[in-house]
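Note sheet for the following structure.
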């Protein structure tokens, strides 16, 4: 039985995959790949696990030559958009890629596609302008961009209810419902992780620092609120850390022996302690409390010795850098 369509199938209907050992029928896998490629997802995972399907398996499962060509084109585009030297021809109806290296001093590029030959600038990626400086880049890519092929005309009717933004790395159009959901976006074309609010490539601490961007929400903080929050953390960190450490040290030092004593004393009826005499139980509780009194200062010292430097590094490293920006 296929785990996707839940229909009984003969054994030969379940192709093997090089990425994992999961099995699904060929018809379900073909439909799954057809949907994934139509959505421009070239890093297609197994329907049952995160293992990425190998290109050889994708070619073997796709029966339509047009889909195979589209998959190959998306694979090539994914490699090209990750190359900082790749420039796309800005001419209408042309998606030719020009790989340019060492063109900073001589920024004049020429499209190599037969019948095009458009000249454009390496820096601003706009048509060649020999008599003037580079114009500022437009907020969104034109329809000549290869990423524009990911947007269909029928999607424009939903533009009022949904926001469309541009990937900061490959300029592919990304659509997201502005409902305050997760702002950590992953471009399906180039794999770029970026923030939906500020459109910057993100690191692991982007949403942990008071940068104004929130993990959930429709809009970032105002500049005033961001600066006040950053200054409050920088100035109030010593007092807050001292207060937390002053509370944590006695709580850990005294709380661990009390917890261990109650844990040993509260033995269930089926435990071995129920067969001990009162003197033996008292001795067991006393030994556990004394051992905890010896261990708890070590745990307290490790917790404070590691936690305080980590918090100070975050406040006076990440927060200060965010404030300077």
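Quick reminder: no glycine exception, Cβ is built from N, Cα and C everywhere.
What TrEMBL says about this protein:
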- 1-217: domain 'RING-type' (DOMAIN)
- 2-49: domain 'RING-type' (DOMAIN)
- 227-260: transmembrane segment (TRANSMEM)
- 298-324: transmembrane segment (TRANSMEM)
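Restricting the average to the domain 'RING-type' (2-49) gives a pLDDT of 85.
Helix, strand and coil content of the domain 'RING-type' (2-49), in residues and according to DSSP, is 16 helix, 1 strand, 31 coil.
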